[in-house]
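According to TrEMBL, the protein has these features:
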REPEAT    201-235  repeat 'PPR'
REPEAT    236-270  repeat 'PPR'
REPEAT    271-305  repeat 'PPR'
REPEAT    306-340  repeat 'PPR'
REPEAT    408-442  repeat 'PPR'
REPEAT    443-477  repeat 'PPR'
REPEAT    478-512  repeat 'PPR'
REPEAT    513-547  repeat 'PPR'
REPEAT    548-582  repeat 'PPR'
REPEAT    583-617  repeat 'PPR'
Amino acid sequence: MKRIDSCVGPCRRRHFSTKYTARVTGASADGRTVSVTVEAPKLDQDPRGYPLPRHHLICTITQLLNSQPHSSFDPHSPHISQLVQTPTPPLTPSEVSEILKNLTHPYKAIKFFQYCPSQLPDFRHDCFSYNRLLLILSKATSYPDCYSLIKQVVEDMVHSGARGNISTVNILIGVFGGKEGGLDELRRCLGLVRKWGLKMTGYTFKCLLQAYLRLDELDKALQVYKEMRQLGHKLDIFAYNMLLDALVKALKVELTYKIFEDMGRVHCEPDEYTYTIMIRMTGKLGKSEESLELFQKMLKNVPNPSVIAYNTVIQSLTRGRMVEKVVFLFFKMIENNCRPNEFTYSLLLNALVADGQVGRLLEVISLSKKYINKSIYAYLVRSLSKLGHASDAHKLFCNLWNEHEKGDKDAYMSMLDSLCCSGKTAEALELLSQVHEKGVEADTVMYNKVFLALGKSKQLSHLHDLFEKMKQAGLVPDIFTYNILLSSFGRAGNVNEAVKCFEELEKSHCTPDIISYNILINCLGKFGHVDEAHMRFKEMQENGISPDVITYSTLIECFGKTERVEMATNLFDEMFAQGCFPNIVTYNILLDCLEKCGRTAEAVDLYVKLKQQGLTPDSITHTILERLQNGTHGKLRIRRKNPITGWIVSPLS
């Protein structure tokens, strides 16, 4: 059988002159009913006349309540009822408060709180037991309907006539400050202060000020600050920092300076966070010298600032283009064994780039080598590449390659992307073939980047070789791979290879998408295989792929180029029937076709239709209209690139 009459800790060392006796029935391990006699000291009083809690009784009841799982918790069970109702005199509110304090689950606390006045004769909760329950619920915000329960407890407190104290108000301010609807609740809290005739303490003012700040009610927070200062109350450093931070965010500069000075008057020493707030503000105001002065003052009280403090002042100096001081401060940071993070290096990079001293980055990195990791290397390589400093990115990448046995895939991706974008395909191919040496496996995305670069430079032989290497390495080409290859062959005018690639795509695990068909149709039509392009158009429809405006525009252009006007106009009409509405490019293509063939009346009708659709004519449209008005069917044509394939799909010459 569980022992329920034992008590641990200081309860054993208490000495009382009188005792009460209670007999409690429990169940033993073999299922037999066993009675236990529990003795606990009777209630005494302290010298001030307040009743002393009976710790032995409190411990015994607490253990019994906590022994029940909260899912089946029932304070009305015979064991609990017998123990709670037997003592003479009965449990007092202060004893109930102690029991509530030690319960392990808010549900048990609520149930026991409700149980006491319903089962104990003449028992009434006082402000201390109410405060205890409110405190328990305030720390259990994940408990279902927690805030509603807190409101119910307060209503019950008011209804029962229990007079709260200032601690009650402090708890409620802490609960509702920053919550949705919190402003109304704070008004109710202040109403309770008046109702109960309470005097607000410095701590209450601080809680109220912080609550208003969490609710973004800066003006109300400032009113509280003014009132408490008039009454001689002081804020602690945390509240001051919270107020200063809100003022800086609201761009109330003069008031920020004033309250920062107030801290000195009340002998509240600024800490690192205070100085960081002020440095951030002066940095945004462009007062870099003042930021540096504040940082130097901070060093007198905080000899080892955090990385956040260093970053803040470095950011301020960067804004002021004080690059030498940025570098000097960074070196001091390293000397003080403060580990820079990725943001530190980004600030440093921005300062060096803005001052045209990117070359110094390697010097900076060499001095902070013990702190720089692969992730930071990757970030710097990526940033330099994006900023157009491909050669510096490559030098840095070589450092990464030599310094670390294991490579960083992000860094390699960034370097590969940089090489491809700058047209250095030989270097990109070499890097792709060597990444496995650093434990990084090349994937399809990497190969696709290089395929794209090779295609743009029309290096088809390298493209073929790399594609075969990719398959030999066990990598499976995806739809992007095939579309890049199709586009590359089409750009180079190698129709046979494009068709062969498309047929391989059809046999692969991938399925041709609308982009694949658009590229192939464009390739076929552009190089005179119009009928085959039309056949592929029909094929995509049979395969359940609906042509889009680019498909129709491309094919209309193909027929227009061969002066098969009827086919072009039929396709244009089909677009509307299929719910695919032409854009200005489509209209320009057909207008150019009709004008070229001398079908002026149809061209004019088409222009009217264009206006009816709500489209705005562009420069190409106006050029065609001028030729129609002049009656000259000139050979000059303005050409526009397809936004998807990059090929020309508007008026052909």
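Along the chain as shown, the residues are counted starting at 1.
Glycine is treated like the rest: Cβ placed from N, Cα and C.
Keep in mind that this is a model prediction, so the values were computed, not measured.
Counting residues per DSSP class in helix, strand and coil order gives 27 helix, 0 strand, 8 coil for the repeat 'PPR' (408-442).
Computed over the repeat 'PPR' (583-617), the whole-number mean pLDDT of the model equals 88. Tertiary neighbourhood of the repeat 'PPR' (443-477): same-chain residues 412-413, 416-417, 419-421, 423, 425, 428-429, 432, 435, 484-485, 487-489, 491-492, 494, 497, 508-510, selected by CB-CB distance under 8 Å and a gap of 6+ residues from either end.
Here the repeat 'PPR' (236-270) has long-range neighbours at 206, 209-210, 213, 218, 221-222, 225, 229, 277-278, 280-281, 285, 298, 301, meaning same-chain residues at least 6 beyond its ends whose C-beta is under 8 angstroms from one of its own.
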